[in-house]
Amino acid sequence: MIIAVDGPAGSGKSTISKLVAKELGMIHLDTGAMYRLFTLKLLKEKVSFEDKDKINELLENLDINIENDRFFLDGKDVSEEIRKSEISENVSEVSAIKEVREEMINLQRKFSSSKDIILDGRDIGTVVFPNADIKIFLVADPKERAERRYKEVIGKGGKASFQEIYESIVNRDRLDTVREISPLKKAEDAIEVDTTGKTIEEVKNMILSIYKTKSNDC
Ligand code: CDP
């Protein structure tokens, strides 16, 4: 069983996917975290995003591990570090690189093999698993998405500017939508769920009810 959850930045994909996976006893994979992780690697190694040879070399020797929604790079837990604004500001540029996408998609398919799994990202229902059993496309008003991110950062004791978060989200959506390879787009057979004004619990229940309807159809 494969459930694909796609949608723009801050639409709640990871939070909801994690909860639904727990409820259904499935594995969850946050594919955005993988692009964030590789962005961190490039920034750490001070590699230019144009340097294809170096990027290929790093991809070949990439040491990443994913366990229970925690992400490890070169043996170190970087789950918090990959959420920093420096990563958010660069990740869309990195995720538009063809070689990076190819390798990440490879890893995503390998990781998912013979598992009941929920993957969230931008291209899961369109490219990674076009035959997924259930495809959800989560959307929400950009101001509300920025508001959620803002509260998340403040809630964790961090500092943030609402305006900066809003602009970064809108900019990332634009880059993710216009890129040539695997742009952010709703799969034709995906069910669109608008989460504007809805609580996490409400959205979780909407997805669970889609799951129930689909499972009864099979
Ligand atoms: O959590 P948030 O919605 O901010 O974004 P994310 O899911 O962590 O994804 C970060 C970035 O990775 C996105 O803005 C995309 O550029 C890229 N991404 C992608 O290209 N393909 C995916 N399947 C997942 C993420």
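Quick reminder: no glycine exception, Cβ is built from N, Cα and C everywhere.
Marked as ATP binding site by TrEMBL: Gly7, Pro8, Ala9, Gly10, Ser11, Gly12, Lys13, Ser14, Thr15. Look at Lys13 (ATP binding site): DSSP puts it in a helix. Annotation for Lys13 (ATP binding site): spatial neighbours Val5, Asp6, Gly7, Asp30, Gly32, Asp120, Gly121, Leu138, criterion Cβ-Cβ under 8 Å with sequence separation of six or more.
For 3-212, the entry in TrEMBL reads domain 'Cytidylate kinase'.
For the domain 'Cytidylate kinase' (3-212), the mean pLDDT of the prediction comes to 96. Excluding the listed site residues Gly7, Pro8, Ala9, Gly10, Ser11, Gly12, Lys13, Ser14, Thr15, the same chain places Ile16, Asp120, Leu138, Ala140, Arg145 with Cβ atoms within 8 Å of the centre of the ATP site Cβ atoms. The most densely surrounded of the binding-site residues Ser11, Thr15 is Ser11 (count of other Cβ atoms within 10 A of its Cβ). With a cut-off of 6 Å between Cβ and the nearest atom of ligand 1, the binding-site residues Gly7, Ala9, Thr15 reduce to Ala9.
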